[in-house]
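Per Swiss-Prot, the features are:
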{"type": "TRANSMEM", "residues": "64-84", "note": "transmembrane segment"}
{"type": "TRANSMEM", "residues": "88-108", "note": "transmembrane segment"}
{"type": "TRANSMEM", "residues": "143-163", "note": "transmembrane segment"}
{"type": "TRANSMEM", "residues": "169-189", "note": "transmembrane segment"}
{"type": "TRANSMEM", "residues": "199-219", "note": "transmembrane segment"}
{"type": "TRANSMEM", "residues": "253-273", "note": "transmembrane segment"}
{"type": "TRANSMEM", "residues": "292-312", "note": "transmembrane segment"}
{"type": "TRANSMEM", "residues": "345-365", "note": "transmembrane segment"}
{"type": "TRANSMEM", "residues": "389-409", "note": "transmembrane segment"}
{"type": "TRANSMEM", "residues": "415-435", "note": "transmembrane segment"}
{"type": "TRANSMEM", "residues": "467-487", "note": "transmembrane segment"}
{"type": "CARBOHYD", "residues": "Asn490", "note": "N-linked glycosylation site"}
{"type": "TRANSMEM", "residues": "499-519", "note": "transmembrane segment"}
Amino acid sequence: MVLLKEKPRTIGTDSDNSIYKDIEQSITPPSDKNEIFIDQINNDRITEYDSHGEVKRDLKARHVAMIGIGSTIGTGLFISTGHLLSQTGPVMSLISFLFVTTICFSVTQSLGEMATYIPVSGSFVQFITRWVSKSCGAANGWLYGWSWAITFGLELSIVGQVIQFWTDAIPLAAWISIFFVLLTALNLFPVKFYGEIEFWMASIKLTAVIGWIIYAFCMVCGAGKTGPVGFRYWRNGYAWGDGMIVSNNGKYAIAFINGLINAVFTFQGTELVAITAGEASPKALKSAIRKVMFRILVFYVLCMLFIGLLVPYNDPKLTEDGGFTRNSPFLIAMENSGTKVLPHIFNAVIVTTIISAGNSTVYAGSRIFYGLAESGVAPKIFLSTTKAGVPYVAVLFTAAFGALGYLVVSNDGTVVFNWLLNIAATAGLVAWGFISVSHIRFMQVLKQRGISRDTLPFKAFFMPYSAYYAAIVVFTVALIQGFTVFWDFNATDFFTAYVSLIVFVVWWIMFHFFFFGFGKQAWKWSNVLIPLEECDIDTGVRDINDIEFDVPPPKNLWQKFWLIIA
């Protein structure tokens, strides 16, 4: 979604303005009938309409800021990091996070450069459609929406197990049903309810993570019952996990590759911040990109560092049965340090995180499918909306994938979680890879037309090398992350590892013939990959430097801290 600013109106209270004005931008009419645009900014809210006059989104500025933060703190951080630690040890877990951080940096940089030059709706899917091929763009859109829908099933699959930290009197199926109905119903309300819920949940998550980092630092320094921990669990081979201890580097390399999938799932959603900043001024966008990296380093890398310091990789609680919360390294660190009350409080935070993540996945997936229907590559019934502007058919379609959560009732919860995580993470990898490919093509078109990147509103760092690096690494990981299934072939493991790639290729081929038929047009290379001279980098271009921006400096230390975080 693109946020814009209209002068001289303001959004919210004076306090809101001083904190959030960096996300307000100028109004630009749509470049075509399918674009979503800002119709008016008034009454302390941002109201977004599409060309049908049916879909309506009302989000206050404070909602948008906190949703941006909340997207960086999800279930992957609190749950899947334990699996990563047990597989690879603390050092390689940290290296995995730093490795994926470099990919996220490249992806957000690429999106920033493209989205500021051509601030169109539809995010990166439009860029793929313009500069790679129409069929590739449509396939990416479907895969991206599908990954959000799959993630909804993943969230439902673990919510009951997390609650079982307190009691197992109520069966898993009952908890899944309760939250299945609740989260689906919430997304059928006007979007202002979604914004309000996400605002408060993101506030809780932000406070909890910052508090846990402070707590972990104190425990490492000796505040816990075990005294100073320091690097105790990095000595005597503990730093490298079982692979290095048994001198089996092949096993260790496999564990590291598999661990990358966990890291990728944890990081997914960070690209949404760059998309939201698509029509920011150059100064505002640079700030937004810096904040993405700051959030990653604080909320992910720093948390992973302290997890590795406080929890040994071979702690039996990381892999024992009894529910995902009991496997969470955050809670294990608290229990090992002798803090009796905090695990219960933090478990409530994890429940809040799952509810927030499930709510967001249905919202994001439904809007993606709605946009695909507008573009003519999804059933038109997805355009059906309520009087309040909610695309209820797209919401119900996305939410239907929540039924996958019931798989935990008849299967091991960890196995089901890893199935869905792998499918969603691989789909996310494909999206990241084609964002980088789109940027490479974009830079090639600029060079062919003699347009210097120095004239762009925002120039990404380390390009084009960073984009090539991200594309090569992402596609390589996506291809090799399941190669172990060929040593001892298992149909279930093969399906889990590669179904996203298979589905993407099938959709790509299907849409190619949908657009070009089965005649000679279908076999022209120019329809497989758009020639540089035919790539459209003109539609939707706007000189953002001509717009005046009034971003007041923060007035106190709290506002300075808030602007860094939010």
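The backbone N, Cα and C atoms fix where each Cβ goes, glycine too.
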The residue listed as 'N-linked glycosylation site' CB neighbourhood, other CB atoms within 10 A
12
Looking only at residues six or more beyond either end of the transmembrane segment (88-108), which have a C-beta under 8 A from one in the stretch?
81, 233-234, 238-244, 252, 255-256, 259-260, 262-264, 266-267, 270-271, 273-274, 289, 292-293, 296-297, 300-301, 304-305, 307-309, 313, 432, 435-436, 462, 466-467, 469-470, 473-474
Between the stretches 143-163, 169-189, 499-519, which wins on the count of C-beta pairs under 8 angstroms to the transmembrane segment (389-409)?
143-163
Looking only at the recorded stretches 169-189, 199-219, 253-273, which one has the largest tally of CB-CB distances under 8 Å to the transmembrane segment (345-365)?
199-219
Which of 143-163, 169-189, 253-273, 292-312, 467-487 contacts the transmembrane segment (199-219) most, counting Cβ pairs under 8 Å
292-312
Under 8 Å between C-beta atoms and at least six residues away from its ends: which parts of the chain pack against the transmembrane segment (169-189)?
152, 156-157, 159-161, 163, 197, 354-355, 358-359, 362-363, 366, 386, 388, 390, 392, 395-396, 399, 402-403, 405-406, 408-409, 413
Per the Cβ under 8 Å criterion, with at least 6 residues separating them from its ends, the transmembrane segment (253-273) contacts 68, 71-72, 74, 76-77, 80-81, 83-84, 87-88, 92-93, 96-97, 99-101, 104, 107-108, 111, 124, 147, 241-243, 288, 291-292, 295-296, 300, 364, 421-422, 424-426, 428-429, 431-432, 435, 477, 480-481, 484
Close approaches to the transmembrane segment (143-163) from elsewhere in its chain (Cβ under 8 angstroms; 6 or more beyond its ends):
75, 79, 125, 170-176, 179-180, 183, 268, 323-325, 347, 350-351, 354-355, 357-358, 361-362, 364-365, 368-369, 372, 397-405, 407-408, 413, 416-417, 420-421, 423-424, 427-428, 430-431, 500, 503-504, 507
